[in-house]
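Worksheet: one structure, shown below.
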Amino acid sequence: MDLFILTRFILFLSFFMKSIHCQYSESQESGHNRNAPDKELTTEEFQLIFHQSQTVDIEYDFINITTEMIETERKVSFTIDGKEYHLSLTPAASQSVLPYGTKIKSAIWWTDNDTHIHEEDYSDERWDSRAIYENLEIMATILVRTENGTSYYDGVFVKYSNEGVRSLPGRLMNIYGANYHFVYDSNGSVYDVVLNGQDEPAVPADMASKIIFYSETPCTCRLLIIQDLLMKTSRRLSSISTIFWNAVNLRFRPVQHPKVNIIITGIVIAKNEAAFQHVYRARYSKNSKLVHTGRVIDNGRYFFGTNFDPYYDNYDASFTMASMDDPTGKGGATVIGGICSSSNNIAYIRDVGSYSGVKVATHELGHLLNGQHDSDTTCSEKINDNIYTIMAKQGSTKASKFVWSSCTLTAFANFSKTTSAACLKDTYRKQ
């Protein structure tokens with residue numbers, strides 16, 4: 001009798017465990033990450049690929065990319081959620097935003113209560129325009145590295161929800177091969193803080209004929225990038241900047257009157273937590289992982305005037321990129337029309353290195369070029385449920401398309417005719 005009961009119990013337990021296993025398998029297969037590799041990612045690999053800790057819930061797919069080279073065009077195909085994608089990637093139409101020879105420095109906070117800037121012995125000619133490929137249809141910017149005959153794709157496509165593309169780290173590449181890549185969701189906040197700092201009015205109509213060339217002369221925005229992203233190498237941060245700012249540059253391609261181009265004239269990388277005092281002093285006292293976005297701009301006016309004049313004199317605006325959250329959800333801050341002003345040419349964006357800040361960086365540069373929130377103009381910020389404007393006050397992360405409004409395009413054109421935009425006509429680039 002005891003043996004009979006024991007046998008029944010074992011059979012029941014076996015059936016129960018099998019049922020639980022089936023339920024678990026079904027739930028795994030129905031999840032978004034059903035194409036995850038069967039080898040579990042290590043903590044270091046997860047951080048390297050997604051730029052965040054494993055405690056963060058990230059939606060991603062593990063895909064096999066097939067490529068074909070036809071002259072200078074790369075044909076790329078892959079499948080996500082049963083849907084096939086076929087992209088044509090062409091070499092970037094313009095010079096890379098990060099030319100070979102761009103100054104890269106490090107910043108360290110020393111015990112003398114000051115930030116010291118040091119030259120970094122690092123640059124990489126492989127990240128010039130020949131390595132950047134793009135697709136205007138889905139606003140894709142891809143950095144292609146070719147090593148030993150194998151191509152690796154890292155980048156972002158931002159027409160729809162921000163999607164990052166990442167090649168595999170060494171261990172996984174040895175297991176799965178170089179054709180496998182991760183595609184992951186990298187959407188970030190598009191809610192920001194703006195200040196009106198423009199102090200020079202538009203040029204009077206009777207003087208317009210003297211500077212009419214301004215409206216058609218391309219505007220070159222020379223940017224100094226401040227990277228407060230610790231635990232990343234100079235090589236990796238330079239790669240991130242190349243992809244990130246080429247993606248922003250691509251978003252400005254539809255702007256034609258005047259054309260707007262981005263060039264990075266310097267990168268400064270934080271080497272310790274207090275290196276960038278304008279960010280460090282904007283943190284919340286009760287939680288140092290949170291930052292008050294508006295204070296970064298206020299603090300920056302002093303910080304850049306004190307620490308950067310001796311090192312850099314060839315930039316129209318600085319963009320600080322940091323990974324700290326703002327408890328109010330703000331993803332960026334800047335000053336309207338401040339790009340050529342020595343005290344207002346400051347912008348801040350949140351990005352952890354995953355390209356989640358591409359949209360807000362485009363938005364903030366639009367503000368610096370005197371674009372306002374469309375809700376504050378006669379233009380609607382929502383075309384329909386699927387299309388929002390880039391300068392929407394609080395854009396939708398579910399929109400399938402983002403466009404420049406007619407109000408913003410007019411603001412850019414008018415601003416380019418003023419003395420407040422004079423620096424954008426200067427193509428000087430100090431080597």
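Placement of Cβ uses the backbone N, Cα and C atoms for every residue, glycine included.
Quantities reported herein were computed from a predicted structural model and do not represent experimental measurements.
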Candidate in Cys340, Cys379, Cys407 joined to Cys423 through a disulfide, as Swiss-Prot lists it: Cys340
For the disulfide-bonded residues Cys340, Cys379, Cys407, Cys423, the one whose C-beta sees the most other C-beta atoms within 10 angstroms: Cys340
Between Cys340 (disulfide bond) and Cys379 (disulfide bond), the C-alpha gap once rounded to whole angstrom: 26
Rounded inter-Cα distance in Å - Asn64 (N-linked glycosylation site), Asn187 (N-linked glycosylation site): 23
By Cα-Cα distance, the member of recorded positions Asn113, Asn187, Cys379, Cys423 nearest Asn148 (N-linked glycosylation site): Asn187
Pairwise Cα distance for Asn414 (N-linked glycosylation site)/Asn187 (N-linked glycosylation site) [Å, integer]: 32
Separation of alpha carbons, Asn187 (N-linked glycosylation site) and Cys379 (disulfide bond) (Å): 25
